[in-house]
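K.L.:
Please read through the structure below; I'll follow up with questions.
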């Protein structure tokens with residue numbers, strides 16, 4: 001027993017010494033990195049962060065250290081970019097050097113470097129190019145992408161009509177619609193909202209979305225080499241990701257039986273055709289594991305982000321009934337109450353378009369982009385960032401910039417309207433990030449938000465259960481995403 005105790009103590013001391021040595025070695029090179037608060041061994045700058053509101057902590061540090069500074073999450077340095085000028089300079093002007101994907105261990109450990117979002121190098125380029133082309137040429141089958149979204153908008157309205165103007169929580173049903181659009185893209189089919197298979201898929205996606213924003217997952221990302229061997233929520237998280245991948249692979253088996261390369265029906269068909277096309281290439285990136293992870297990425301990125309934006313949008317329109325009234329007036333005047341909205345209507349709906357943009361700006365759904373990494377030793381301003389260093393561009397610092405938006409903390413569609421009431425574009429609108437690592441589904445997300453939003457407002461008036469002034473619209477802030485507070489509403493048919 002004494003020998004066991006001594007061995008355990010020696011192991012703990014060794015790990016501690018190695019960690020201290022690692023920090024010390026990194027600190028020796030800090031002269032090349034931007035300035036920042038001095039890190040402590042093992043925990044880095046954790047004490048400078050409010051884990052319940054990391055974006056606010058990062059903005060506060062920018063006031064002290066400037067728009068480019070270094071922060072240690074655990075033992076690893078991260079360069080934080082705060083403000084439009086430095087974010088643009090890094091992601092656009094020096095985009096090729098900042099092209100890497102920084103680590104997010106809770107995801108990396110399950111994706112193993114495959115897929116669209118957390119891959120790097122040539123694999124990432126191949127998967128992104130294929131996915132962009134597939135989505136862009138989505139005349140697969142007999143329906144365009146817009147027609148698929150319009151169909152889902154109609155189904156969403158039918159489902160919402162069943163609430164009969166009674167109070168309900170919109171969280172689940174607003175997630176069903178974008179999830180079904182991804183189902184349509186991936187395997188050319190949609191589900192009824194009460195389908196058991198669909199409900200199980202929604203449950204997997206929702207639980208992991210909630211969990212990736214938890215403090216536990218943030219702890220895992222700081223010390224993955226230790227926590228991965230402990231019991232905890234990360235095990236359930238990984239199991240659910242595997243379940244989503246297995247669900248996709250079952251659909252792949254069905255597609256393999258009826259594949260016609262000359263007439264691809266969906267994303268899976270296109271991917272299977274590429275697998276066949278490159279079957280003699282031993283280094284091909286087109287294989288079933290990559291297909292499963294790409295499909296999982298599309299579900300994760302394409303379901304909860306869109307539904308959360310819609311949910312936040314409805315809450316804001318109840319908070320500001322005068323804005324809702326103006327949207328109703330414009331929709332009635334331009335489209336009427338019976339013609340389904342289409343993308344060609346967008347140019348004729350400047351106020352509605354401004355409201356949609358302001359919702360996305362105001363909520364800053366993703367306060368920072370997913371982490372980047374420099375792919376080589378990179379000269380940036382007065383600093384040299386070593387190859388592989390994580391870089392965190394703060395999108396909220398761009399969309400809440402007082403130089404561009406007169407009242408950035410206030411919800412005001414006027415931020416996107418000129419003096420004539422026409423829609424006004426701005427380079428400071430970056431909810432999908434910037435550069436080559438910008439969201440691959442940006443065009444789809446924009447289409448979904450416009451068609452779902454206009455269809456809902458065309459058919460319903462939004463009624464709050466309390467006085468508008470008493471509605472809480474303060475986001476539930478975490479390290480990764482901003483969520484609206486829970487609420488119920490009544491949808492009154494128009």
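Just so you know, glycine gets a Cβ as well, placed from its N, Cα and C.
Taken from Swiss-Prot, the feature heme binding site covers 439, and the record attributes it to similarity to another entry. Under the heading phosphoserine, Swiss-Prot lists 131. What Swiss-Prot lists as N6-acetyllysine is 253, 379, and the listing cites similarity to another entry.
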K.L.:
Three states by DSSP: which one describes residue 379 (N6-acetyllysine)?
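P.N.:
DSSP call for residue 379 (N6-acetyllysine): strand.
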K.L.:
When you measure from the Cβ of residue 253 (N6-acetyllysine), how many other Cβ atoms are you left with inside 10 Å?
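P.N.:
The Cβ of residue 253 (N6-acetyllysine) has 9 Cβ neighbours within 10 Å.
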K.L.:
Could you measure between the residue listed as 'phosphoserine' and residue 253 (N6-acetyllysine) for me? Cα positions, answer in whole angstrom.
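P.N.:
Their Cα atoms are separated by 20 Å.
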K.L.:
List, in sequence order, the same-chain residues at least six positions removed whose CB sits under 8 Å from that of residue 379 (N6-acetyllysine)?
P.N.:
none
K.L.:
Can you count the other CB atoms that lie within 10 A of the CB of residue 439 (heme binding site)?
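P.N.:
For residue 439 (heme binding site), the 10 Å Cβ neighbour count is 20.
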K.L.:
Would you mind reading off the Cα separation of residue 253 (N6-acetyllysine) from residue 439 (heme binding site), to the nearest angstrom?
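P.N.:
For residue 253 (N6-acetyllysine) versus residue 439 (heme binding site), the Cα atoms are 29 Å apart.
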K.L.:
Quick one: give me the count of other CB atoms within 10 A of the CB of residue 131 (phosphoserine).
P.N.:
20
